[in-house]
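These notes concern the structure reproduced below.
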Amino acid sequence: MAKKRVYELAKELNTTSKRLMEKLEEINIVVKNHMSFLEEDELEALYDHIGVIRHKDDKSNTDDNKTASAHSVAQHSSEAMKELKKEAKKAPRIIRTTEIYLDSKDEEIKEIKANDAKSQKKPEEKRKKNDFVRVETETSGLRPGLVRETKPEYMRILEEQKKSEASKAQTNEKKDAEKNSVKEVVKKEEGSKQTAEIKDGSVNMEGKVLEEVKATVADSATNVNLNESIDKDKKTNDNRQVSTDNSAVNNEENAADTLNKKDMDKKNNNKKNEAKKNAEKKNEAKKNEKNDNKGGNAKKNEHRSPDMKKNDSNRPQDANKQNSKAAADKNREEGRTGSKKSLEIPKVELTTSQKEEFNSQRAERREYNKDAEKDSKRELRKEQPRSAISGGRNKNHKVIKNVFNSRKGVSEVLSDDFEMDDFYFGGSKKSRKIKKKKEEKKEEKPAPPKPVVTSIKIAAPITVKELAEALKKTSAEVIKKLMSLGIMATLNQELDFDTAAIVADEFGVKAEEEVVVNEEDILFDDSDDPNDPEAVPRPPVVVVMGHVDHGKTSLLDAIKKTNVTEKEAGGITQHIGAYMVKINNRNITFLDTPGHEAFTAMRARGAQVTDIAVLVVAADDGVMPQTIEAINHAKAANVTIIVAINKIDKPTANPEKVKQELTEYGLIPEEWGGDTIFVEVSAKKGVNIDYLLEMILLAADMLELKANPNKQAKGTVIEAKLDKDKGPVATVLVQRGTLCVGDSIIVGTTTGRIRAMTDDKGHRIKKAGPSTPVEILGLHEVPEAGETFYVITDEKTAKQLIEKRKLKQREQLLKASARVTLDDLFNQIKEGKVKELNIIVKADVQGSVEALKQSLEKLSNDEVRVKIIHGGVGSVTETDVTLAQVSNAIIIGFNVRPPANVIDAAKKAGVDLRLYTIIYNAIEDIEAAMKGMLEPTYKEVVIGHVEIRQIFKVSGVGTVGGGYVTDGKITRNANIRLVRDGIVVHEGKLGSLKRFKDDVREVAEGYECGLSIEKFNDIKEGDVVEVYVMEEVKE
């Protein structure tokens, strides 16, 4: 195979070069243009791809293969079949319905052209255009030796069937022609004989029946012989003899017709005689019909000819059509062929005399109708509304095509009454009277009274939805009632018992509070009986409150005569301390709450567990904001307040001014007619300390403080922390009962068994009575400060309660998490784009964590919002660093020292880790960080002016102005304004700044320079360039 160019190959294949190049690209063969050569392997690949089949000139080989394959097919040997399969794989297969031959001058193709030219019109014109294209033939694409059948097997079968049907039709036509010829001959020969017999009147009704039976037998025999004679084309004389018998029957019919005409004339003349003989003829007709039905039908069916059987198929089979034509013709024939007396047959009402022909389906239907009537009669006996419907049925029943014209219940549809009445008998077409009776019966039934709610039991709190369900009202009705009462409530809003009782009363329902027994009621005994005979006096719990640096801890130090203040960092109390002081053989428990505003929550908890509050006010400072807050907390907790005016030893002290200021807040001294005890003390010098203690004991006696030490122990957690060696440690104040080592307690969401107890002086104790502060060990987790603890005995119920509390706490955390909800979306829109400062707080005790949280959250402003994403007790861990890295937060450690690996991890992650021992420093640093996050405020500062005196145009640079610095200085990359005649022409930046040929950073006043402006060339002599910078304004 020689090389070929693309355009040459395109001509041979009768296509375009572009199309060929596209086909070559499909098989990854790239050619430059239509003049490129194609190698032999490329041609082979292209032929295989586009379906071109090349045939060789060796015909002998193909002939040998054909003969060999044909011989192998004839033998059907296994070895030959294997060889055929191998050859079939190698043989060329047709890819398209048109084969393309490149060797168009071969003799074989010429022969094919000659053969095709005979069958096609104008073959010369088509072959001149493309001689190499040949249409698919019988042998194309097949194995050698095999020929494709032009007509499949099923086509042959269809043609054979058509041929056989055509031959049958021809034979039938011959039969009919021969029959007609035979009948005409027989009619002429036998016509006279038949008429003579009829005139004599010797044939009676019974003889007629016998003759008809003989005639049917003879007719069937003649048909059989006639078919044989037509098939064999012999014995024509015999066929004529047999056909005479067949024609006799037809001749009798014609004679009967002529006789019928004569009889009709006689009937018209003798009508009077007919009326007399009606009764006798009726009886004869009945007898004949009975004989016909009993014996005649069976014999006729057995000996009927094929033509008669064909006619039977067209007869109506419905027995209900009693006046059918077949029955009437039958009666006429019986009358015509009888005796003279019986020939005068009157018109008989066949509808009453003739019986129904037997039919098995009709008999079943008749039995079914009888059963239905019996069922209806049974239903009439029952006292049911359906009985009236079944009794009014119509006997002419019809099946209803569409039964979906009325609604029925499932029980009614599945009942037998529906199937009988509605489906078969047309239950939808009931009489109006029945419907009226049914409606009257329905109206007679009394409607059941609606349940009226008179009283309900509800548990407080209850949601609006639950209240509506209890009242059997809709939620909308309950909400409307609440709105009329001035309460705007939603569907899931909780209502207290009093509000729910008022709403129920508005609906005329009496509400009773349901007693709900939960795990807390089982575990805890919260009943406090003031007249308990086992109650004994207990020490008072005193809390010292006041402003920062007013001397609270110094007063406690003076009372305890121990130096506590020096131990605190910066001299400020950081934790709640609980101490017991013995005065005159009586104990007093002191709680020292920090005075800083950050510890508001801690101070609120301290006020809740105390009996007396000592308000410390400095004589020189007077009432401060934290002092007012302390007064409010004490009043909210209903605590007796004793005012201690401290620092009276100072020369600037003014106790009277302090008393005057406190009267504004409801604290009036006794000497001024009030009920508040005022004591002037000096904690530093110990002045009037004993008198203050006596006043505390006096107030305690007035309160008559008692507690039952034998009850279930109950108390409050004052402080809790996580100790490295001891684990979770909690400082608790026992308020009731006696706490012992080994008791199991439950605090919030944690439990534990007390392993050890120590008092305020560090001594190990085994029991702690009411109003005793102790430090306990053995809890599983660090509890929250302010939680109430109980001693429990049923640990199983306690675990269930803890699971409930944890679930509730988890729900609250999910609600508090910053997720976008429909309720919170409006608030976020109002806030706009708010920057957040994420902070992680770690402290040594829980109280400090809460104090830092509240202090830092108060620093939030309109542009920056402080968000405490995590707060916990203990040192900073690597987990905290990871959380800070992910959430872009800073870590604040208070009184904790992180290990070296945590500090390294924070440095690698770029997390800001800050450690503090005094809370003021932490707050100040956070404020500075927040100011850094605010968008800075800039102001414009003019640093100099340049007067343009000469202009130079430099290729590649543009216009350069030579100027003189009149004042200030000019710096590179500074902002400039080009002023021309007092009008700002352009604002931009300096592109370059030079002095002579050197680039300089700045040019001072009194020097010349050359400058260019970025993206601006319209500089003219006399312009003034104003140079300025933007400086940040510190807040």
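For all residues, glycine too, the Cβ spot is worked out from N, Cα and C.
Keep in mind it's a predicted model, so treat the numbers as computed, not measured.
Residues 592-595 are the range that Swiss-Prot records as region 'G3', among 428-431, 528-531, 592-595, 808-811. Per Swiss-Prot, the range carrying the annotation region 'G1' out of 434-441, 546-553 is 546-553.
Swiss-Prot lists region 'G2' at one of the ranges 571-575, 711-715, 861-865, namely 571-575. Ranges compared are 646-649, 762-765, 994-997, and Swiss-Prot records region 'G4' for 646-649.
Here the region 'G4' (646-649) has Cβ contacts under 8 Å with residues 550-551, 554-555, 616-620, 655, 680-685, 687 of the same chain, all six or more residues outside its ends. Long-range C-beta contacts of Ile648 (GTP binding site), restricted to its own chain and to partners at least six residues apart, with a cutoff below 8 Å, comprise Ala619, Pro655, Glu680, Val681, Ser682, Val687.
In this view, Asp549 (GTP binding site) is surrounded by 16 other Cβ atoms within 10 Å of its Cβ, with every protein chain counted. Mapped onto three states, the DSSP output places Asp549 (GTP binding site) in coil.
Look at Ile648 (GTP binding site): DSSP puts it in coil.
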